[in-house]
Amino acid sequence: MTRFGLALLMILVIQGLVTFSEAQLKMGFYDQTCPYAEKIVQDVVNQHINNAPSLAAGLIRMHFHDCFVRGCDGSILINATSSNQQVEKLAPPNLTVRGFDFIDKVKSALESKCPGIVSCADIITLATRDSIVAIGGPTWNVPTGRRDGRISNFAEAMNNIPPPFGNFTTLITLFGNQGLDVKDLVLLSGAHTIGVSHCSSFSNRLFNFTGVGDQDPSLDSEYADNLKSRRCLSIADNTTKVEMDPGSRNTFDLSYYRLVLKRRGLFESDAALTMNPAALAQVKRFAGGSEQEFFAEFSNSMEKMGRIGVKTGSDGEIRRTCAFVN
């Protein structure tokens, strides 16, 4: 290769490295273009969280569901239109997701200060972190620079979001597809320490587990009887809500893992964590461990999840309104 050719190659390599670097997530991505972006998100969260602590559970679920379909690109926020009536938001796993109006409020606050700068995907990620911190949970790094996706697909949501009735094989396959492992599965399931669930997400365990009117033997019988007599009175009940971690639904702590070991997790997916030796070992470790250790490891898994399939650089767009592509 001539000296000129070598020099040209080096220039192209350097340009490529710069482009690659610019296209990555980084801490403080908006420092120059919207210096108060993260403060604005945090302020809106703090203004609402005292009156609505359940917002934290809604946002972390939204973030989880968004990242598992086409990556963390805000596609869960897109409304149906005449040209696309089959969006993620309308898929059964997302019909009970909450927080859409709140994300719109944050977006409006940001647009008033820095129009067209901060992505809806970053808003979900930042607001989730800030809401968990606001209820006393862990914090974690949120590198920013995500861009918003233009595609939202009903079928992809059905195929990729881990279901509450999933067995261990189903769960670890879906997590593995996203680059997550057994430890991430157990840690992220720990978010069930906050929030509520509709009876319809687990009533088959109470009334018709194998199709013959039976009860799931992996669910503590006393707990199941209590649910049937006091909360979910029939398999047709799709409106009643039940705390996933009774008595502390707004407290981010280790009690979820202790409930799982007592066979009192609401979902089949909770019970599934005890069906695999590696997962069970992690559940036992957290159930008997320190909150500080759990918080640190949960934070690592949340940051890892927040990097799934992100769109950066010139990929995607910055939506003007989170519910519609530009």
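For all residues, glycine too, the Cβ spot is worked out from N, Cα and C.
Residues or ranges marked as active site, proton acceptor in Swiss-Prot: His65. There are 22 other Cβ atoms within 10 Å of the Cβ belonging to His65 (active site, proton acceptor).
All protein chains included, Asp66 (Ca(2+) 1 binding site) registers 31 other Cβ atoms within 10 Å of its own Cβ. According to Swiss-Prot, the feature Ca(2+) 1 binding site maps to Asp66, Val69, Gly71, Asp73, Ser75, an assignment based on sequence analysis.
Sequence annotations record features per position, and here Swiss-Prot assigns heme b binding site to His192 based on sequence analysis. Cβ neighbours within 10 Å of His192 (heme b binding site), excluding its own Cβ and spanning all shown chains: 24.
Counting every protein chain shown, the Cβ of Asp245 (Ca(2+) 2 binding site) has 24 other Cβ atoms within 10 Å. Summarising the annotation, Swiss-Prot assigns Ca(2+) 2 binding site to Thr193, Asp245, Ser248, Asp253.
Cβ-based neighbour count (10 Å, all protein chains) for Cys34 (disulfide bond) stands at 18. Marked as disulfide bond by Swiss-Prot on the basis of sequence analysis: Cys34-Cys114 (among others).
The DSSP secondary structure for Cys67 (disulfide bond) is helix. What Swiss-Prot records for Cys67-Cys72 (among others) is disulfide bond.
Positions annotated as disulfide bond by Swiss-Prot, on the basis of sequence analysis: Cys120-Cys322 (among others). The DSSP secondary structure for Cys120 (disulfide bond) is helix.
Summarising the annotation, Swiss-Prot assigns disulfide bond to Cys199-Cys232 (among others). Under the three-state DSSP scheme, Cys199 (disulfide bond) falls in the helix class. Listed in sequence order, the residues of the same chain lying 6 or more apart from Cys199 (disulfide bond) and placing their CB within less than 8 Å of its CB are Arg231, Cys232, Asp237, Asn238, Thr239, Thr240, Lys241, Val242.
According to Swiss-Prot, the feature N-linked glycosylation site maps to Asn79 (among others). For Asn79 (N-linked glycosylation site), the Cβ neighbour count at a 10 Å cut-off comes to 15, with all displayed protein chains included.
For Asn167 (N-linked glycosylation site), applying a Cβ distance below 8 Å and a minimum sequence separation of six or more within one chain yields Glu268, Ala272, Met275. The N-linked glycosylation site annotation in Swiss-Prot covers Asn167 (among others), and the record cites sequence analysis as its basis.
The N-linked glycosylation site feature in Swiss-Prot is assigned to Asn208 (among others). Within the same chain, residues at least six positions away from Asn208 (N-linked glycosylation site) with a Cβ under 8 Å of its Cβ are Asp214, Ile235.
Sequence annotations record features per position, and here Swiss-Prot assigns N-linked glycosylation site to Asn238 (among others) based on sequence analysis.
Marked as signal peptide by Swiss-Prot on the basis of sequence analysis: 1-23.
Proximity of Arg61 (site 'Transition state stabilizer') to non-local residues of its own chain (separation of 6 or more, Cβ distance below 8 Å) is seen for Val97, Arg98, Ala191, Gly195, given in sequence order. Under the DSSP three-state reduction, Arg61 (site 'Transition state stabilizer') is assigned to helix. Positions annotated as site 'Transition state stabilizer' by Swiss-Prot: Arg61.
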Checklist entry - Once the chains shown are all counted, how many other Cβ atoms turn up within 10 Å of the Cβ of Val69 (Ca(2+) 1 binding site)? => result 29
Next on the checklist: Within 10 Å of its Cβ, which one of these binding-site residues (Asp73, Asp253) has the largest number of other Cβ atoms?
Outcome noted: Asp73
Checklist outcome for this item: Lowest 10 Å Cβ neighbour count of the disulfide-bonded residues Cys72, Cys232 is held by Cys232
Checklist outcome for this item: As a whole number of Å, the Cα atom of Cys114 (disulfide bond) is distant from the Cα atom of Asp73 (Ca(2+) 1 binding site) by 20
Checklist outcome for this item: Expressed in Å to no decimal places, the gap between the Cα atoms of Asp253 (Ca(2+) 2 binding site) and His192 (heme b binding site) is 10
Checklist outcome for this item: recorded positions Cys34, His65, Asn79, His192 vs Asp73 (Ca(2+) 1 binding site), shortest C-alpha separation belongs to His65
